[in-house]
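Visitor: In case it's useful when we look at the structure, here is the feature table from Swiss-Prot:
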- 23-43: transmembrane segment (TRANSMEM)
- 181-201: transmembrane segment (TRANSMEM)
- 182-346: domain 'SSD' (DOMAIN)
- 211-231: transmembrane segment (TRANSMEM)
- 298-318: transmembrane segment (TRANSMEM)
- 326-346: transmembrane segment (TRANSMEM)
- 399-419: transmembrane segment (TRANSMEM)
- 459-479: transmembrane segment (TRANSMEM)
- 498-518: transmembrane segment (TRANSMEM)
- 542-565: compositional bias 'Low complexity' (COMPBIAS)
- 542-589: region 'Disordered' (REGION)
- 579-589: compositional bias 'Acidic residues' (COMPBIAS)
- GLU714: active site, charge relay system (ACT_SITE)
- SER720, THR721, MET722, ARG723, GLY724, CYS725, LYS726, VAL877, LEU878, LYS879, SER1021, HIS1022: CoA binding site (BINDING)
- SER781, ARG782, PHE783, ASP808, ALA809, MET810, GLY811, MET812, ASN813, MET814, ILE815, SER816, ASN1026, ARG1027: NADP(+) binding site (BINDING)
- LYS848: active site, charge relay system (ACT_SITE)
- ASP924: active site, charge relay system (ACT_SITE)
- 997-1017: transmembrane segment (TRANSMEM)
- HIS1022: active site, proton donor (ACT_SITE)
- 1025-1056: region 'Disordered' (REGION)
- 1030-1042: compositional bias 'Low complexity' (COMPBIAS)
- 1046-1055: compositional bias 'Polar residues' (COMPBIAS)
Amino acid sequence: MLSFLTEVTGAIAQTSARRPIQFMVVPALLASIAYLSIIDDYIPEHIKSSSGSSGISYYHPYTSSHYKSQPDLDKWTAIDKEHINDDIYTQANQISVIPLRFRRFQDVVPNVPNAIHISDNEQILIVPTDQIENSLDQLQEITNNGITWKARNNDKLAKYYDYIRYGLNKVQDAIQHAENFDILLIFVAYLGMWYALIKVFVDMRKIGSKFWLAFSTLTSSTFAFLLALLVSNKFLHTKVSLLSLSEGIPFLVSVIGFKHKVSIATIVANSSTASPEDVPHVVGKAVSSHCLSMLRDHLVVIGGLLSCAIYAHHLTGLRNFCILSSLILSFDLILVYTFFSAILGLKVEINRARRTEDLQNALEEEGISSLVAARVAEQSATIEHPNEHNFFKSNNSSIAYFKVIMSLGFFAFHAFWLGSSWLYSTTDGGESFSRFSFLSNIPTLSQDISQQIPIGRKGTVVTILPTIFFMPSGFMVQLEDFIYLVLSKFSSAIRDSIISKFLVFGFALSIVTNVYFLNAARYQVSATHKLIEKEISRPQDSSVTATTTTTATGTTSSGAATSKTIGNNKGLKSVQEIPDNEDESSDEELEIKAPVKVLPLEECVKVLKEGKVKTLSNDEVSSLVVGGKLPLYALEKQLADNKRAVIVRRKAIAKLANAPVLDTNRLPYAHYDYDRVFGACCENVIGYMPLPVGVAGPLIIDEKPYHIPMATTEGCLVASTMRGCKAINAGGGVETVLTRDGMTRGPCVRFPTLKRAGAAKLWIDSEQGQATIKKAFNSTSRFARLQHIQTALAGTSLFIRFRTTTGDAMGMNMISKGVEYSLKYMVEECGWDDMEIVSVSGNYCTDKKPAAINWIEGRGKSIVAAARIPADVVTKVLKSDVDALVELNISKNLVGSAMAGSVGGFNAHAANLVTAVYLACGQDPAQNVESSNCITLMEKDKETGDLNVSVSMPSIEVGTIGGGTILEPQGAMLDLLGVRGPHPTNPGANAQQLAKIVASAVLAAELSLCSALAAGHLVQSHMQHNRSKAPAAGATTTTTPAITDSKASNGSIASNGKDLKRLEEGSVTCIKS
């Protein structure tokens, strides 16, 4: 049963995520209908009656005892509108009362002639009804002491000032009449509610959503509240008063909270980029994983509330609220599976689309052409999420702005026409209206008003008109009038019978169109995949197969169809295609199949001038290149086919360099994506150079296993690293620490005098200079952020070292652009117009060269990796011992490197691993110069006897976007490590992790090689020790073992054949390494 519920809820959530628009629009429409249906139930009657009314009329009969005296308030009776034209009322004395109220923004309010003062800012004007129109015209504008007061409509923004003040008064009155314990209880409940609401936004920020996920979470609960209120009021007839709602909802929110929704959103956000599954499955799994816990929590609370409703059925207010709360929880549960799941599905789509766009922007900032960057980003998204049917092809900040503006516009529009406040009670009269009350546009008849009205002989009918509000004329009044005018016109247009129908029709058409396009996009992707599968499984046509022909020289050639690599759900497969022309075929086959006469060079030149080079054959284009009419670098542009350009270039260079080897396949060129190479990685391409790629591992790095790819032609390197991985894993794996992250660029500038150069240095080193340049630098990139500027002065030349974070890119192009702009900004805006820029790179970086500044200050990622190797593992796996390793490391890596004057070379062979991993993962192999800076340290644990080994590498320069990482094989190796592309939530984390992997691989290789060297030395010493014991006449006995442990010193090694064999194996490994 439980598994059935989990499957059902997961299926519902998947359906919602697959059809997000339907499952978002329908609940929103239902919630809107519910809102419109119940809003009238909570509008106070006195406000209802005053809305749009022309006034309220009262009648007082004639009594001789009250003639020309104070009337009796109890004898005033309200007149129904149906009877206002009865004779008794038409013959009575007709008087109109105009209430006036002045908003106190000034010390003195104007005195209206013939008006009676009620309070400091309240007056009433009593006039005969037949003079009312003239009086109202005179009241439109009043001038007093140079200040113009304008009559205002209270249905504008100013009414909310009254609502807030009245609400505060009501709260204050309620507090004064409540028990202290009740006040404390309600206060704690409200604190809990606001804590839960704020926590939603805080938790959603942690998973990368600043506003919309939290807002959607609250919207889902709000919809549940409205739907529950509709069912409770209209169907169950258990209306809950506003007082009960205001006191009970905080308790409900505090008890239930939003933890399940936040947890589901967290799982979806984490899986949106890490999981290759499509969006509906990601959302469905997240929801089904919380099905049982969410059902349990909600059902327990619902059961408790219903029990309370049954037990306390005589307490109507409590019973109704318990029923409403149960309905809220039920609808909330349903909306989690529908509305909220649909929102999560859209959010995942947007995140994946945004990540693709961010990758494209980062590649463009790295200097890669926009076309290549767009293709790489799109293909990367396809590879990461092969099952994804993504219909978000672009994402722009304007979309977010549009959503914010629409949301604010909705609330603003509603605020102007809300016309009520839920803070009011639903009863008329009482103490609140004992005086002249302006919270309703039409106040009730009060004692203050009745005392000013004389009673006629036939009675008196007094009509109290809506209150006229006055405000001093100013900018805010004019702005309010403008906003009110615009919204009123818009509202009038919406209310129009014809326009409203068109709007409804357009809304329905928009929904249908969106659904149609989303389904069409999904169908197109599905149809494409089916077509690919069909092409793969179709039998090969005989006309496409290779044909073997024999030429006059007896050589054999085969014309084969090209193989194009296509990515699909199951990986990369090869699909045979029929060549459109003879470009892919050999010359010999062309002669036999379609002997075509090659145009002379002059004719080819004419075609070149006409811009129709692509119509020529490969041989004809090649003749243009050989004849010097077409540059080698222009082939891609002229032919508009990168692969064909490679073929033609090979033909041309084979003739120019007299290198027939390029006419063969010894240097391969086929089956390669040259679109990623052109404009990004290489120029004048003639093929690609295959390198064998091995894998070392798994190596546990920070409690996570990694298989490390290594491209190398050096034998035993991968095997040696594997042995180091095994030993490290036996001790628990590698621990890594990132101590610094910042790429550098060090331009050189020059000044006319030393004084100016020194002043510039001091200014750059100051806080003002650092802040100014940082602001200019950061404006050039979305990713690069300047950390620090270091300067050095040599004569009149000033060297400036910029250190910058560059996200997941290695960042050289990104930082160079920022440096250029910063220097230009210094010249043009900061008063250093006499500064001359010698070079953007002044070797103060330092890039691709040995330099102590990189060793000391660091460059790129500074990583320290350490591991503990148990003593028995050193013996059994590494075939050595701890003391020998420690002694060897001191003598070789520390003392030996120091004697050689090395800078950053205190290691055995760090460059081996750095270069191998760099080649496999698309890094710049030239940067192994500074990236291989490493010091290897080993020491023996005094308590356990284990080996503690570490490598410190202060200048590892890597990136996971840009450069060679855009090539598919190298990108695949980054995928193997799980660090391809930009990190979805923490920019720079992927590149940092790659640097940690590089350092950990170096640690494994260092450990293995040093163990082999130490074992070889031990064998040599041991053999010498054995020979010294053998009797040899006339021979000089020498017993000087270079490295011995406690066993060797007492001769026990000689008697232990196993140790001898172990050391011999270690020496063999040493020789191979």
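The backbone N, Cα and C atoms fix where each Cβ goes, and this holds for glycine too.
Remember, it's a predicted structure, so these values are computed and weren't measured experimentally.
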Visitor: Would you please pick out, from the binding-site residues SER720, SER781, ASN813, the one with the fewest other Cβ atoms within 10 Å of its Cβ?
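Guide: Selected from the binding-site residues SER720, SER781, ASN813 on minimum Cβ neighbours within 10 Å: ASN813.
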Visitor: Relative to the Cα of GLY811 (NADP(+) binding site), which of the recorded positions SER720, MET722, LYS848, LEU878, ASP924 has the closest Cα?
Guide: ASP924
Visitor: Counting distance between Cα atoms, which of the recorded positions GLU714, MET722, LYS726, ASN813, ILE815 is nearest ASP924 (active site, charge relay system)?
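Guide: With Cα distances computed to ASP924 (active site, charge relay system), the winner among GLU714, MET722, LYS726, ASN813, ILE815 is ASN813.
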Visitor: Suppose we draw a 10 Å sphere around the Cβ of ILE815 (NADP(+) binding site). How many other Cβ atoms does it contain, all chains included?
Guide: 28
Visitor: Taking the Cβ of ASP924 (active site, charge relay system) as the centre, how many other Cβ atoms fall within a 10 Å radius?
Guide: 17
Visitor: Judged by the number of other CB atoms within 10 angstroms, which among MET722, ALA809, LEU878 is the least packed of the binding-site residues?
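Guide: Across MET722, ALA809, LEU878, these binding-site residues, the one with fewest Cβ atoms within 10 Å is MET722.
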Visitor: What count of other C-beta atoms do you get within 10 angstroms of the C-beta of GLY811 (NADP(+) binding site), across all chains shown?
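Guide: Other Cβ atoms found within 10 Å: 30.
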Visitor: If you compare CA-to-CA distances from LYS848 (active site, charge relay system) to each of the binding-site residues SER720, ASN813, LEU878, which comes out shortest?
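Guide: Closest candidate to LYS848 (active site, charge relay system), judged by Cα separation, is ASN813.
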Visitor: Would you count the other CB atoms within 10 A of the CB of PHE783 (NADP(+) binding site), including those on all shown protein chains?
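Guide: Total other Cβ atoms inside 10 Å, all chains included: 22.
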Visitor: Report the mean pLDDT of the predicted model across the domain 'SSD' (182-346), rounded to a whole number.
Guide: 86
Visitor: Expressed to the nearest Å, what is the distance separating GLU714 (active site, charge relay system) and SER720 (CoA binding site) at their Cα atoms?
Guide: 11
Visitor: If you draw a 10 Å sphere around the Cβ of GLY724 (CoA binding site), how many other Cβ atoms fall inside it, taking every protein chain shown into account?
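Guide: Result for GLY724 (CoA binding site): 29 other Cβ atoms within 10 Å.
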Visitor: If you run the three-state DSSP split on ALA809 (NADP(+) binding site), which class comes out?
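Guide: Once the DSSP labels are grouped into three classes, ALA809 (NADP(+) binding site) ends up as strand.
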Visitor: If you measure from the Cα of SER720 (CoA binding site), which of the binding-site residues SER781, PHE783, ALA809, ASN813, ILE815 is the nearest?
Guide: ALA809
Visitor: Could you measure between GLY724 (CoA binding site) and ALA809 (NADP(+) binding site) for me? Cα positions, answer in whole angstrom.
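Guide: GLY724 (CoA binding site) to ALA809 (NADP(+) binding site), Cα-Cα distance: 30 Å.
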